[in-house]
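**Student:** Handing you a structure now.
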Amino acid sequence: KINTNGFLAVEEPMAESEYLGKMPASFGMIAAFLGDLDNSDEVGKVYYRQDSIPYVLQQTEGHISQAFPDDNKLESIHAIIVTWENLAAHGTPGEGQDRERNTFQLVVASTESASYAIMFYPSEGLQYVSTIVEGQRESVQAGFSQGLIRGWFSWTSTQGTYYRITTEDEASIRRLSEGTNSGRHGVWVYEIGTSPAFTSINPGQVTGPTLEEDVDGGPMETGTVFPLINTGGQQRIVFPEYKPEEEEETSEPDLHPTVHPVQYRPNYPFVSEPAQPRYPEPIHPQPPLYQPQTPQVVILDEDDDLNVDVFAYKSETCASNRQKCSSFADCEDYTNGYCCHCRPGFYGNGKDCVAEGKPQRMNGKVNGSVFVGNSPSPLEFSSNDLHSYVVANDGRAYVAISTIPAGLGPSLQPLSSLGGVIGWAFALEQPGYENGFSIVGGKFTRKADVTFLPGNERLTIEQKFKGIDEHDHLVVSTQLEGRLPEVSPGSTVQIESYKELYQYGINSITSFSNRDYTVTLPDGSVQTKTYQWRQIITYQSCPHDQSIKTMQPTQQLSVDQIFVMYDSGNQLIRYAMSNKIGSIHSGPPEQNPCFTGRHGCDTNAACRPGDGIQFTCVCATGFSGDGRQCYEIPEICGSHAICNNQLGTFRCECVDGFQFSSDGKTCVELSQPINHCQRGTDNCDIPERALCSYTGASSFICSCLPGFVGDGYNCQDIDECEQSRCHRDAVCYNSQGSFTCQCLPNFHGNGFHCAPEREKTQCERDREIIQASYNTPSFPVSFFRPRPATGQYVPTCDHHGAYEPTQCHDSIRQCWCVDSNGQEIPNTRTGPGQRPLCKVVPPPIGPTPRPDVSPVAPGTHLLFSQSGKIEHIPLDGYSLKKQEAKALLHLPDRVVVAVAYDCLEKMVYWTEITGPSISRANLEGGDTNSLQDTGSPEGLAVDHLARLMFWTDSMKNSIEVAKLDGSQRRVLFDTDLVNPRPVVADPSYGRLYWADWNREGPKIEMSNMDGTDRTVLVKDDLALPNGLTYDSESQQLCWADAGTRKVECMDPNSRNRREIVEGIQYPFAIVAHGRNLYYTDWRREAVVAVDRTMARETDEFLPQKRSRVYGISITTTQCPQAYNYCLNNGGCSHLCLPRHGGFTCRCPDVMDGTCVDRNF
């Protein structure tokens, strides 16, 4: 918006009292000559125009090239020209021609890679350099103000950069007409990036005058685009003579096209203005009905006649070109040609259309050569695979490039935008805005230039997008050339959230931004670096489609939750980010879940916003369901066939192992090896006693299940009772494949550990005395529990034997609070039908908590992690007390993955991969302690009996063990592991369970805690077993699989397996508590409760700050009754590692010479 006070605002300007004399302003602006200026006397005028006429663009290119002689020649796309003519300072004496006046000009030019501001001032000097503001004389200012910077999800703001060209010194202002940075007096050129961010202001490099030549080679009359002359002490612009368009079209070919500015006309109330020609001669506006008290603002509209087409459709009809449209589009004829339009339920440019709400994949190859650091030899890309996946209904994008050598991979981490173009293409759209694919479709080219600072390394990225293939994948080829600054191996890179502005022209889109990133070196030191990013996207639009002209000229891409990682083990570079496209103006963020992405719709569903925060989920075309869960609609091809969608048709293909019969339609099976295990045609013993394992071809092997012995074809039960597995004060009962232990009378425990009955508490004794005194003697006590007489008060005790804080007497219908001794607390007794709020506050335990550690009240809680913190949710039975959920521990800039709990010392343990490390803190308050520095710790388990912790490392592909204080570290397994993640412990049996989500062969394994008896428990019907938990009460091992989208459980002894729920979205971790399972879900960004007995989801908790939820654990009021052989460290000098039926003394990997391994 153009303001008469000498500036161009890039957002809604404030009242002049908010910025005159109070710079920097709260809004973004380019100030050419900022002051309290006056155009109300019919002499001062403001003109503006947006233009793409070649002559004007040639002039601007000349000024830019002259100011930046070392840069490659750039071609302007369009220019905005604003001229302030003969403006006086407000309040200065004189009338009409007698007042001091200044004329100056601003040109904002856009090229393929950046934008530039060119300021022109009269060579004969400025007539005034200050104005009166609130009674004080204030110097005029020139410069660039970034305004207030507001976070996407925050109401707070900070003052952005103010790049000031002038100072308060009068000489610096007069230097505007006398000096230069472009080689010509009075002409100042600045590279400004992309407004309104103004992230990088680079002044011209030529500070002295050059030869007096025109920038396009001809004689130069003046520095402005429109010539300035002096008439009677005034500075005037000489406008070319207006000619109708017909005359311009017949002009001599050697004449330059002319530029005709549009007269500025203030919008005075109640004054109608006659229609004017498109290019009028300069005229004076009619006097206003009243003198305006604030400067007028002009909205700069797009000129209807701008024509910067690079491509053009041929004037053809749909009759002969219908096949060029997508099969999901309609063809529409126009006067001069045809256009394709996607049908409802699809989006794109008509040539390529995809279903709304459906995830999108991108595949392609990467080629080129890149130098790293100061290396004289490049590293080559040779058809490296690039794969990307976008969850279109919430804007999350994932990109991976394979076969990246270790010498290059770490240095590629800062380039998240290498694949981020698909994030822009399928960004989550805010109201009134469109993502890239909606505008350009699937065929476009993208060229990006990256300059790293301070070393000035440069990299060029060229990508050609070739449309949607028959598999519904977007196809891209990528070429990389240039040099990258070196990032040391083992370093991690963190990229902060950023916003990038895209400027949309016809058939071209440009953007420019600065990106900051942080490199954490292996020694822990941190470096903050920057690179400049310029890109242009070119595509072919349909000029007949009028909707193109209503497209927002500037849109802002907001990118957050950025994750980058180089996986050296698999030679993969991975990028992930969330993308939204919307307005450049700051304001309250959209609250409707469809626009935040936090809606819980299925990944194959579109979110339809309603009023307020209401919305509905609708399955994408080709899927059916309620929107929360969508299922693919069966294709019309026959059995053993798949349907591949084509442009306007489809093709059936037989699946692997089948081929078309002679009819060309039916798929018949090929002669191939038979998996007898899967078919059930093996001759192993029955599944309850033996396991059939397919070994390839038509072969298999048979093996007996645990608890049985034999050759696999004949298996016999093992009588575990003969092996003295139970406690000496217990009875052993053998069963097929298993056994049970039961404590003797007057002992309690689980059979593996039995102890005499504990002494009754005071509450239990009081209750027993009252009940016994009113026992009816005619009935044996062994059959009926004693009952008190009617009207007798009986104290209630909790499961620990302590007095319940609230005591009630049903006969008199009164309740009251008691202390820990059972004594009534005065003034707490209530009347009939009411219960007092009684709470026993435990004495403080441990040190005073830090400000970022919030103690947790006694009771059962769920602990779960998000990026940067650990939260807890209290449980009421199995119900989530959502209103009482809050953060337990804040860990800024950390990605907390796994969470575990030690019930004995009430410690919470966690792993985080940004450090990476394993740490702990007391649940009741205190400092956090880092225990281990590891490669990439993900899963974590605690044995509260043996005082051990176990963890998986996805970088080292290992499972390790250490004491709970981090000492005595030892590797248990480092072979046959690809992507180990969850690990859980069963202290009672000395067992360890873990899952490996290796995509080529996912599995769940089991071993003893000392590393012996390693066994694969599950390997069939697995995909991505992310979450794993063990319930010691039911002896069930349960897991959540993000690939099969199921939660399942099994008995590790009998191997009986059952499905709990299916159709879940993307589970990450899971924990068991009683009859319930609780799992975290990445896509829903929620904690979900599942009732195992009813086999359905019962509840979910959505954190206040929506982001991915990772690990989950549970705290209990007391430890479960259990026993293993490593209580009190089992007499070992170093590590005591339990196993089923015994224990092993093991030495840590770093020994002190005094340790000896022993088995017991």
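Cβ atoms here come from the backbone N, Cα and C positions, even for glycine.
In TrEMBL, annotation is done automatically, which means it is predicted and not curated.
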**Student:** In TrEMBL, Cys815 is disulphide-linked to which residue out of Cys797, Cys808?
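**Tutor:** Here TrEMBL pairs Cys815 with Cys808 via a disulfide bond.
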**Student:** Among all the protein chains here, how many other CB atoms are within 10 A of the CB of Cys815 (disulfide bond)?
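**Tutor:** Cys815 (disulfide bond): 20 neighbouring Cβ atoms within 10 Å.
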**Student:** Mind checking which residues reach the repeat 'LDL-receptor class B' (990-1034)? Cβ under 8 Å, same chain, six or more beyond either end.
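**Tutor:** Distant Cβ neighbours of the repeat 'LDL-receptor class B' (990-1034) are 706, 939, 941, 943, 946, 948, 950, 952, 959, 961, 972-973, 977-984, 1040-1044, 1050, 1052, 1055, 1057, 1067-1072, 1074, 1077, 1079-1080, 1120, 1122, 1124-1126, 1137-1144, 1146.
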**Student:** For the domain 'EGF-like' (717-755), provide the mean pLDDT of the predicted model.
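**Tutor:** 83, rounded to a whole number.
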**Student:** Name the residues of the same chain, 6+ apart in sequence, whose Cβ is under 8 Å from the Cβ of Cys808 (disulfide bond)?
**Tutor:** Thr796, Gln814, Cys815, Trp816, Arg835
